[in-house]
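Note sheet for the following structure.
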Amino acid sequence: MPVHMKKTGIIIEFKNGAVKDASYGMIACARNGGGDSLYAFVINEDAQVHKEALEAHGIHNIVDICLPEIGTCKESGSQAGWNPVIWSQAVMEAMQIHGISELFGLTTPMGRELLPRIAAKLDAPLVMDCIEVNCSEGIVQNYLYSGKTLATIKVKGDIRIYGIRPNVIEPAPAPVSASMFTVTYSNAHKNEPDCGKITLLESRPGDNSDGDLLEADVIISGGRGMQNGENFKLLHQCARYLGAKVGASRVAVDLGWVPYSMQVGQTGEKVSPRVYIACGLSGSVQHFAGMKMSGMIIAINNNPNAAIMANCDYFIEGDLFDVIPALTEALSKAK
């Protein structure tokens, strides 16, 4: 009986013109018992520019998905920029052309828009926020119930789709030589029912000037112990020397001290930095659910009985208003 080659598609994400490190980690995950052939889907970017970097991480085929001037599937004539309807249809077209049976994407704002749409259209099983995937067995792991439970899930279907939590899997270079392909999104989809339902009117930065928490290697977060929003400037000052992003607890957000985009936890961002510094945070179950995958957790709290004490690698018993300025000063001198 002939053995069919399994083909795995990977939606590559970019930041500032470069492949995100989280995308390289996702490629390493896909190689874990994955497809015999890995296809990188590069959407609206110059795929040739990234060929060498993707080859270095084990990509066998690079698919340049081009979105010509098709507007919003109607007659607007605008450039096909970020539009989840168009992009998801373009990915499905590439999957069909290349016979993809498994699809990987990141659990990021982009992935949360694309993967569920693709899964619904293809009637395919989807598991989001995976921390581990065994493709050969169709078994994945992710956290449920505020991180209290690690679920092992068996995924069945002709096509299987996985959303990978950013930064939980280390990139692992595995140099190969890649073939290049081009898929141009066709006008044949113009009359599909959901075309035209979404039109991108404007794109602008969010209210977190520190940027995306999901991609951060280091995060320094504040909770109720910060006392007010003005005091978060201490964390921002320290973050500049650490090369860190600033996060916050739900309490700090609910009190109006900081914007929601900074919230880490069950109802905020689920992050996986190398280092997480918790300042004035009690360590509630809900907050821990959002940062438990951190490589190292350092807590600063003047309460030695704070719940976070049981879940951190290092605990500094002290007043954050003494510790953070001292740390900032030491870092500034080291620079």
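Quick reminder: no glycine exception, Cβ is built from N, Cα and C everywhere.
Predicted automatically and left uncurated, TrEMBL annotations should be read as such.
The average pLDDT for the domain 'Electron transfer flavoprotein alpha/beta-subunit N-terminal' (8-199) in the predicted structure is 86. The domain 'Electron transfer flavoprotein alpha/beta-subunit N-terminal' annotation in TrEMBL covers 8-199.
In the three-state DSSP reading, GLN263 (FAD binding site) counts as strand. Annotated FAD binding site per TrEMBL: ARG224, 249-250, 263-267, 280-287, ASN301, in sequence order.
The secondary structure of ARG224 (FAD binding site), as reduced to three states from DSSP, is helical. Under DSSP, LEU281 (FAD binding site) is assigned to coil, being neither helix nor strand in the three-state scheme. Neighbours of ARG224 (FAD binding site), defined as other CB atoms within 10 A of its CB across all chains, total 14. The Cβ of GLN266 (FAD binding site) has 18 neighbouring Cβ atoms from other residues within 10 Å, across all protein chains displayed. Neighbour counts were taken as the number of other C-beta atoms within 10 angstroms of each residue's C-beta; across the binding-site residues GLN263, SER284, the minimum falls on SER284.
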